[in-house]
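**Student:** First the structure, which I've put down as structure tokens, then a few questions once you've had a look.
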Amino acid sequence: MPREQLQVLNALDTAKTQLYHFTAIVIAGMGFFTDAYDLFAISLVTKLLGRIYYHREGALKPGTLPPGVNSSVTAVALVGTLAGQLFFGWLGDKMGRKKVYGMTLAVMVICSLASGLSFGRERRSVMAGLCFFRFWLGFGIGGDYPLSATIMSEYANKKTRGAFIAAVFAMQGFGILASGIVALIVSAAFDHAFSAPSYATNALLSTPVQADYVWRIILMFGAIPAAMTYYWRMKMPETARYTALVAKNAKQAASDMARVLQVDIEAEVQKVETITQDKGNSFGLFSKQFLRRHGLHLLGTTSTWFLLDIAFYSQNLFQKDVFTAIGWIPPAATMNAIGEVFRVARAQTLIALCSTVPGYWFTVAFIDIIGRFAIQLMGFFFMTVFMFALAIPYHHWTLHDNRIGFIIIYSLTFFFANFGPNATTFVVPAEIFPARLRSTCHGISAAAGKAGAIVGAYGFLYASQSSDPKKTDAGYPPGIGIKNSLIVLGVINFLGMLFTFLVPEPNGKSLEELSGENEQDDDVEQTTSNRTVTV
């Protein structure tokens, strides 16, 4: 039979929505705001970096980053994020959420500032310095994934837990929006102060010396929101679930939450000892018991996040087609270097405003009403449909008169990614695993997602090249083409639908009910089978 819930945990599960919930959302969410700002800001300045450091005298088009350099500058942060998710996820279960939370934020602030600095003036040293600091920036960002999700899930009540965790993740949308707005302001100010001709008019003067400050300011600005929340992160008490169930300090857990909730809570020292000493609550990650109780769950969370991020990050492949079709970004030679930053930033800001941000907040609004499973399945379904709708009649969409339809479907794909698996794959791993392994398992799931992001952003960058060597982008070998790449992505989204059936529905249940921590050891095997695939 299930044990009676600890009073301190029951108080959290049944608490009415109040100020501390929103405080926790803002504190944890500002980390994700910073994460998104830092990861997406680089895409706004890569064209500028190419013009500044890879200009070729007499070339008809502005300089661009070579494929290898471009991949390194943008992908190195994703590699760092993957490593950080695994390391800080594990550390969060060993040292506590609060201690490690401060470490990740400090790394993010320092490396955001350092990424705007250089070891020298030569392009090799500038690119090497940028890649070095962006790797460690990604490392800090990676730690924010498991820790923010775990802290929010352990602070939230049962009724609105999904919305609170999703709201933390939704701050990504505002981070993407902010990166575009900052780039717009900085580029507009510099373009006004240091007016320059277009590249076609005067190739050398089209990139003023002051343009080198533009990309540095945009990247370094990411340190400000992270630094602003450091004090408040350090003031947050450790979560009661970690303190009671992992650190085994019943008195501290009751004291901390009594202060947060402003109610009297009994310490229940004996009950905490009984729960933590139970054999069913002591198995490790690499044990047969974990495999039996949570193996399918972990397979479900890792596989769906991996597949989702392949599709999500690969959508950047045809952004250039969308932006060119609606005239947001004219040919590079008709603009100066700083003006091009403005155009690219405007395009990203409009996409974020129209499809990315609304999708996140639709999830926040509906996740506790229709559940995680339904939203994730629906999202993968529509992403599959829209990918095939783009792929099968691809030639039709390339015709000028049909580009508006292409843009609408492209935007809907983004919308249903965010009102779908992009949010739910973040939420669910923070709910279904035991407290002592929660941060670790979320980190593993998130790292699988980042592995998918690397495949999507860079594997498909090469795969999507034309099969005709004469039509590939400069420096790239022939690939399978955009149409075949879209078909493959449609299949990947369909696989995401199938693997969603391995993920249980956590809606309306306590974290201990989902993880089995309140169950007597004798009942574990029977109840596990009932939780494995809840639709």
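Each position is counted from 1, following the chain as shown.
Yeah, the Cβs are placed from backbone N, Cα and C, and that goes for glycine too.
On a predicted model such as this, the values are computed, not experimentally measured, just so you know.
Below are the features I grabbed from TrEMBL:
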type	residues	note
TRANSMEM	20-49	transmembrane segment
DOMAIN	24-508	domain 'Major facilitator superfamily (MFS) profile'
TRANSMEM	69-88	transmembrane segment
TRANSMEM	100-119	transmembrane segment
TRANSMEM	163-190	transmembrane segment
TRANSMEM	213-232	transmembrane segment
TRANSMEM	295-313	transmembrane segment
TRANSMEM	325-342	transmembrane segment
TRANSMEM	349-367	transmembrane segment
TRANSMEM	373-392	transmembrane segment
TRANSMEM	404-423	transmembrane segment
TRANSMEM	443-463	transmembrane segment
TRANSMEM	484-503	transmembrane segment
REGION	510-535	region 'Disordered'
COMPBIAS	514-525	compositional bias 'Acidic residues'
COMPBIAS	526-535	compositional bias 'Polar residues'
**Student:** Under an 8 Å Cβ to Cβ limit, what residues of the same chain, 6 or more beyond the ends of the transmembrane segment (404-423), are close to it?
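**Tutor:** Here the qualifying positions are 166, 169-170, 173, 304-305, 308, 311-312, 315, 318, 321-322, 325-326, 351, 354-356, 358-360, 362-364, 366-367, 375-376, 378-380, 382-383, 386-387, 389-390, 397, 496, 500.
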**Student:** Go through 100-119, 163-190, 484-503 and flag the stretch with the largest number of C-beta pairs under 8 Å relative to the transmembrane segment (20-49).
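**Tutor:** Top-ranked stretch among 100-119, 163-190, 484-503: 163-190.
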**Student:** Give me the mean pLDDT over the domain 'Major facilitator superfamily (MFS) profile' (24-508), rounded to a whole number.
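**Tutor:** That stretch averages a pLDDT of 88.
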**Student:** Give residue numbers and ranges for long-range contacts of the transmembrane segment (443-463): same chain, 6 or more residues beyond its ends, CB-CB under 8 A.
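**Tutor:** Same-chain contacts beyond the flanks: 71, 74-75, 78-79, 81-83, 85-90, 92, 142, 145-146, 298, 301-303, 305-314, 316-317, 425-426, 429, 476-477, 479-480, 485, 488-489.
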**Student:** Would you kindly list the residues that approach the transmembrane segment (100-119) from elsewhere in its chain, counting only those six or more residues past its ends and only Cβ-Cβ distances under 8 Å?
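**Tutor:** Residues 31, 34-35, 38, 84, 88, 91-92, 125-126, 128-130, 133-134, 136-137, 139-141, 143-144, 147, 151, 215-217, 219-223, 226-227, 229-230, 233-234, 236 contact the transmembrane segment (100-119) from elsewhere in the chain.
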**Student:** Between 69-88, 213-232, 373-392, who has the most Cβ pairs under 8 Å to the transmembrane segment (163-190)?
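**Tutor:** Top-ranked stretch among 69-88, 213-232, 373-392: 213-232.
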**Student:** Which stretch, 213-232, 295-313, 484-503, tops the Cβ pairs under 8 Å count with the transmembrane segment (373-392)?
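**Tutor:** By the under-8 Å Cβ criterion, the transmembrane segment (373-392) pairs most with 484-503.
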